[in-house]
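One structure is given here, and the rest of the page talks about it.
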Amino acid sequence: MRKKIYLDYAATTPVDPRALKAMLPYFTEKFGNTMSLHSFGQEAKEALERSREAVANLMGAKPREIFFTGSATESNNTVLKGIALANKEKGRHIIISPIEHDCIAESSRFLETQGFEITRLPVDKFGLVDPADVKRAIKKETILVSVIHANNEIGTIEPIEEIGEVIKRKSEILNLKSKIYFHTDAAQSFGKIPIDVNKMNIDLLTASSHKIYGPKGAACLFIRQGIKIIPLLHGGGHESGLRSSTSNVPAIVGFAEACRICKKELGKESQRQSKMRDKLIKGVSKKIEDSHLNGHPQKRLPNNANFWFSFVEGESIIIQLDLLGVAASTGSACSSTKLEPSHVLLAIGLKPQEAHGSLRLSLGRWTKQSDIDYVLKVLPEVIRKLRAISPFKRK
C-alpha cells in the first residue's frame with residue numbers, strides 16, 4: 001500500500017474528530033436559524049454565543065468583540081475596505097507589509113484604484129518587518145496598519161507587540177485626534193502560538209477555522225470595542241450588522257470546539273512540532289547540498305519548514321514527492337496555480353529562478369517522527385534526480 005503522508009497543514013487541516021462530534025447535532029437536531037424567535041432558533045443562538053466565548057478565550061478578547069465570517073479572506077477584505085470606507089474623511093493612507101496574504105495585497109490594490117495611498121514596508125532577508133520602518137511610514141493621514149502575524153509561506157513571526165506599541169506612540173507624537181488602527185492577519189498563527197490582543201496592542205485580528213482542525217466555512221474577526229467598520233454585506237443585520245448572512249452554526253460550533261482543543265493542547269503540541277521541524281530543517285541542510293532555509297531560523301511557526309533548492313524547480317519536487325506519498329506545497333495554497341514566483345520570496349530577496357525552487361513542508365497534529373524520517377530519506381534522491389535533468393543545473 002502506498003504511503004500517504006500529509007505535510008501541507010498550512011494549506012488546510014483535517015477536522016479533528018472532537019470538533020466534528022460537536023458539530024453533528026447542529027446539522028439534524030439543533031438546526032434552527034439564530035434569528036428565529038422560537039426554541040429551535042434560540043437553541044442555535046445560544047450555541048453561537050457559546051462559540052463566540054470560546055474563540056474569544058483563545059486570544060484574550062471579549063466575546064462581544066468576536067464577529068463570525070465565512071473565511072479569513074472575507075475577514076481581511078472586511079477590515080481593509082470597511083476601515084477605509086469608515087475613515088476616509090480622516091485620512092486615506094494605509095500601511096501593509098510586502099509579504100501579506102494575497103487577500104490583503106489585492107484588497108490594497110483595489111483601494112489604490114479608489115484613491116487611497118498604500119505604503120508597502122520593506123522586510124529583511126528573513127521576512128521581518130522593522131518596527132522603526134513602521135514608525136517612519138506613519139503620517140497624519142494614516143488610518144490603518146496591517147501586518148501579518150506569521151507568514152503563511154515562510155513561517156516568520158513578526159514583532160506584532162512592538163509594532164503595536166510604535167503605532168500607539170507615534171499617534172501620540174503626531175497628536176492625532178483619531179486613532180490609527182492596527183490589524184494583524186493571524187490565520188496561520190492562531191491556535192499554534194499564544195496570542196493576547198491586549199498585550200500585543202492589536203485592534204483587529206483575523207482567524208480561521210480550517211487552519212486549526214475546524215471545518216471550512218467559518219472564520220472570525222476580532223474588532224476592539226468602539227471601532228466602526230462599514231460592512232461589505234448588507235441584509236438581515238447578523239453579527240451586530242457587520243455581516244448579514246444566515247449563521248453557519250455547525251461550522252461555527254466546530255470552530256469553537258477546535259479553539260477549546262487548541263487552548264488545552266497548544267503548549268505541548270507546539271513543542272512536539274517544533275522538535276520535528278528542527279529535525280527536518282537540520283536533516284535537509286545536512287543531506288542536500290545547495291539547500292537554503294527561507295524565513296527566520298528561530299522566529300518561525302513551530303510547524304513550518306520552507307526551503308529553496310538551487311538548480312531545481314519547485315513544482316517538479318511537489319509532483320515527485322506526491323508520487324512517493326508525500327503531500328507538500330511550493331507556498332500558499334491560494335495561489336499555487338499561478339506561474340509567477342511567490343511575492344513573499346521575492347520580497348525577502350530571492351531571484352525569480354530561486355523562488356521557483358521552493359518547497360514548503362508544514363507539520364500538524366497527526367505528523368509523526370516516522371513521517372519526518374521518510375521525507376529525509378526520499379527528498380535527497382528526488383532533488384538529485386531532478387537536478388540531473390534540470391536546465392538550471394550548474395555548468
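Each residue, glycine too, has its Cβ placed from N, Cα and C.
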For the pyridoxal 5'-phosphate site that TrEMBL gives as Ala72, Thr73, Gln188, Ser208, Ser209, His210, Thr246, the extra residue out of Asn57, Asn152, Asn294, Asn303 is Asn152
Here the binding-site residues are Thr73, Gln188, Ser208, Ser209, Thr246; the one whose Cβ sees the most other Cβ atoms within 10 Å is Ser209
Indicate whether Ala72 (pyridoxal 5'-phosphate binding site) is helix, strand or coil by DSSP. helix
For His210 (pyridoxal 5'-phosphate binding site), just count the other CB atoms lying within 10 A of its CB, please. 23
With H, G and I counted as helix, E and B as strand and the rest as coil, say where DSSP puts Asn152 (pyridoxal 5'-phosphate binding site). coil
In three-state terms from DSSP, label Ser208 (pyridoxal 5'-phosphate binding site) for me. strand
Where does Gln188 (pyridoxal 5'-phosphate binding site) sit in the DSSP three-state scheme? coil
How many Å lie between the Cα of Thr73 (pyridoxal 5'-phosphate binding site) and the Cα of Lys211 (N6-(pyridoxal phosphate)lysine)? 13
